[in-house]
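Below you'll find the structure, written out as structure tokens, and then a few comments.
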Amino acid sequence: MENLKTWLYFLFLSLLSWASTAPTSLADGVTPDEALELRDEVREMFYHAFDGYMEYAFPLDELRPLSCAGEDSLGGYALTLIDSLDTLALLGDRERFTLSVEWIGKNLRFEINKTVSLFETSIRVLGGLLSAHLIASDYATGMRIPSYDNQLLDLAVDLAHRLLPAFDTPTGIPYGSVNLLHGVDEHESKITSTAGGGTLTLEFGVLSRLTNDPIFYQVAKKAVRGLWARRSRLNLVGAHINVFTGEWTQKDAGIGTSIDSFYEYLLKAYLLFGDEEYLFIFQEAYAAAMHYLYNDPWYVEVNMDSAAIVWPLFNSLQAFWPGLQVLAGDIDPAIRTHTAFFSVWQRYGFTPEGFNLATLTVQHGQKSYPLRPELMESTYWLYKATRDPRYLDAGRDMVTSLQNGARCPCGYCHISDVEFQKKEDHMESFFLAETVKYLWLLFDLAVGPDNLVENGPYKYIFSTEGHLLPTTPEISPVWGNGSYIGGYCNRGDSKQEPHPSDVTNDTKETNGRTFYGGWVSSESPPDSSIFKANSVSGLIKGRCPGLTHGQKYGIQYLGSTSRTEEEDESKQHRESTQQRQRTVIQSHSVLLVSDQSADYSVSDGNNDNGVPESIDKGSESNPQ
């Protein structure tokens, strides 16, 4: 075992060296004129694919861009059009946005005998309808449709009610699929992914706010609580779970496949709704991920109970993580990880679904690139946070790869093998909802933004499908004129002895100081005025809850552990804590405040409880 640990240690040192020495761009720096040209080129990319869909595939779900045909891939209800609505609005295309909204309002119905994915239907269809409704119904957006009368909202309500039977389980964690006409089939699988059960909060929560019907918010939150209550003692969650028994059927913990957006929606649900319980969970989940999964600059998959490495693998869905870290205020590790992930893109022209960190080769059976947006998303957020031109260079390389390697007669094709640049006759709807959207936002930001997100009347939260959800008073009334969130918090606030399941036992510490992370609010954007690429990350201080999530909200560990094992773990925890007090343990670059054994003094308007009383109003934040 020690030999294995030593080998892994030197492996990651070599990987760090390989990633950090990879070229940061394939060409000279992007000039302002070129950024304008690239923005227009990305706009043309969108319309090449959108027009191809409308001409050859509509009203089927998705386009076959090589054969110029269509296919139903989800429910048979013009999926790509619904997914593209807010991108049309973002581009300022009033005519096509209006025509699309009117067609959907008149023709779309969900009373169909189709079994659909709860996760995909929620993030693509429900999210697309809600985002477009909020844009079409509001004069302040500049895209108000005079004839619009809440048709998309009515469709969203109908769809959500048809999805509700999926939540009828003993754990509150929903089934993965549901029939839109008949509910859950009696033979439906009881196994679902953590992302599938824990990535419903934004769409269902917005619907509750718009309808004043709490049921949607409640079932989505119950699902998150059901998953978190079954976390391991290390505050890690697995990939798949039985929704009836609550037993994990796949215990691999990671930030990518089957888990990724669970982390994302914890932070974003707090940013959008101000529900502190989501912040508590995110604090603990993020700290555990950074401790057990982070091997600077890469992330691995581990056993959720023992933290033993299962897969030293980069999978393409992990690429969203640096963008989430920007929203969390943890910039420095985000920069290093993005550099590593982008080096894989540079090597192949795309990111394969899996890249083996032990062999530095594409993982067998995971050679495809299905036009995923995650790396573009993180590139946009890091440029927004740092204004470092390297991210424009990265964006240009991505555009070049898509144009040279993925462009097809009627749209953009999946790449079935990144090593040989083989094309596949399929185009996911998220290419128009996310991939080109984040690239367009990146270059528009560089030339002086003039769009709904950067200059509109509201600050927007991006859903995991890239849909725009505004922080209007109707949806986010808690924020008012500005508020702190996040926190490098004084651990001495709590007088209770923490339950071992309610804390990350190995929280990163340095000289008796505890890391809780740093978060930015939807009123306090991660832009260049706050963050610098070479600065200490997480400079925003905020709420310091003191209690753990379990202590405050009563969500205790539900695993089956004997009393003897609990006592042994508690003893090990105390011994580990004492050892850390005697040893200086280096963490990644974060701002830290002393624990109760040191003086705690903050001069930014904090009261005795460590809660900021005021904040300077500043620039915007747009969570993913």
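Glycine residues also receive a Cβ, built from the backbone N, Cα and C atoms like all the rest.
TrEMBL lists 1-21 with the feature signal peptide.
Look at TrEMBL and you will find GLU120 (among others) tagged as active site, proton donor.
The feature active site, proton donor is assigned by TrEMBL to GLU353 (among others).
The annotation Ca(2+) binding site is assigned in TrEMBL to THR464.
TrEMBL lists 490-527 (among others) with the feature region 'Disordered'.
Summarising the annotation, TrEMBL assigns compositional bias 'Basic and acidic residues' to 492-511 (among others).
The region 'Disordered' annotation in TrEMBL covers 561-624 (among others).
The compositional bias 'Polar residues' annotation in TrEMBL covers 578-609.
Among the features that TrEMBL reports, compositional bias 'Basic and acidic residues' is placed at 614-624 (among others).
Highest local Cβ density among the active-site residues GLU120, GLU353 belongs to GLU353, counted as other Cβ atoms within 10 Å over all protein chains shown. Over all protein chains present, the Cβ of THR464 (Ca(2+) binding site) has 26 other Cβ atoms lying within 10 Å. If you take the Cα of GLU353 (active site, proton donor) and the Cα of THR464 (Ca(2+) binding site), they are about 18 angstrom apart, rounded to a whole number.
The two recorded residues, GLU120 (active site, proton donor) and THR464 (Ca(2+) binding site), have Cα atoms 10 Å apart.
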